[in-house]
Amino acid sequence: MVDDSAVVRQVLVNVLNDAADIEVIATAADPLLAIEKMRKQWPDVIVLDVEMPRMDGITFLRKIMSERPTPVVICSTLTEKGARVTMDALAAGAVAVVTKPRLGLKQFLTESADELVATVRSAARANVKRLAARVTAAPLEAEVKHTADVILPAQSGRAMAQTTERIVAIGTSTGGTQALEEVLTALPRVCPGIVIVQHMPEKFTAAFAARLNGLCQIAVKEAANNDRVMPGRALIAPGGKHLLLRRSGAQYFVEVLEGPPVNRHRPSVDVLFRSAARAAGSNALGIIMTGMGDDGAAGLLEMRQAGARTVAQDEQTSIVFGMPKEAIKRGGADRILALGAMAREIVTQLQ
């Protein structure tokens, strides 16, 4: 646990040590102290702040990834600057991001403690050597579990208007920021409209979209309510909001809305995929990529049953082979592809 705030360190340590399968073996106020302690006992996961004295978190992260690749979870503030620096950290090899405890400690323990524990567990399973190679080349009250049905409106039963416009729906989680960068930067300007759910806290997705927009030939933006899904543009679900695909005549739009977490996530891949099955049917391509858990597995199956082409990322190129594995297990994927083949599959949708 590396953070220059003693208060933050103590809060995070208490949360993680309360989990039966997690032990915090050391804390440090800066990366230089962390290096000394890690030489004595190397951790399975590092939780890292990005703005610290003596050595910043990004420099430390790059050092770790080049010398001894280890899963790193970034713990960042909900500020514009914090979001930008966090994107740099994810690009440098961090596997996930969580938000720092703010003044409302009780609110953090209620809303974010479980997310922190789940993120650290997920990071421990990450194939970080593959990620490094790519970079260099318990709740306070009973949990209520929801399915995408609580977000999706009731089906009207009316036949969909005919359209030939193709869309692509992508869902991903741990390791997904790097995977999305690899896929989207490989796309030409002429490609189908894309809608994306990447599990990420609110405030960070706008910076993520802006970074991709500067790297890609296609346009990339954080989705806003009623944005049209257009060829040559990717819309990324805002953190903390669900993203649905809608049809109006022969055009597709997105709806951004509140609602309870689905499969413990908001945004949820299942919500996007199931809405795509209903709105686009056989005109859609569904892609599920690296991530822990089963979010998106049910939705990908529904897309396939609606006539869509569906793809799961293979185990060899996944940082965490959880979500794709579950989708394959349930029969939702009609193809299993390496990450490097995803862009070609998207372009094929135009044909």
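For all residues, glycine too, the Cβ spot is worked out from N, Cα and C.
Sequence annotations record features per position, and here Swiss-Prot assigns active site to Ser173, His199, Asp295 based on sequence analysis. Residues annotated as domain 'Response regulatory' in Swiss-Prot: 1-115. If you look up Swiss-Prot, you'll see 161-351 marked as domain 'CheB-type methylesterase', on the strength of sequence analysis. For Asp49, the entry in Swiss-Prot reads 4-aspartylphosphate, with the evidence type sequence analysis.
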I'd like the Cβ neighbour count for Asp295 (active site), meaning other Cβ atoms within 10 Å of its Cβ, all protein chains included.
31
According to DSSP, how is the domain 'Response regulatory' (1-115) divided among helix, strand and coil residues?
55 helix, 14 strand, 46 coil
Neighbour count, 10 Å Cβ-Cβ cut-off, for His199 (active site): what number do you get?
30
Should Asp295 (active site) be counted as helix, strand, or coil on the basis of DSSP?
coil
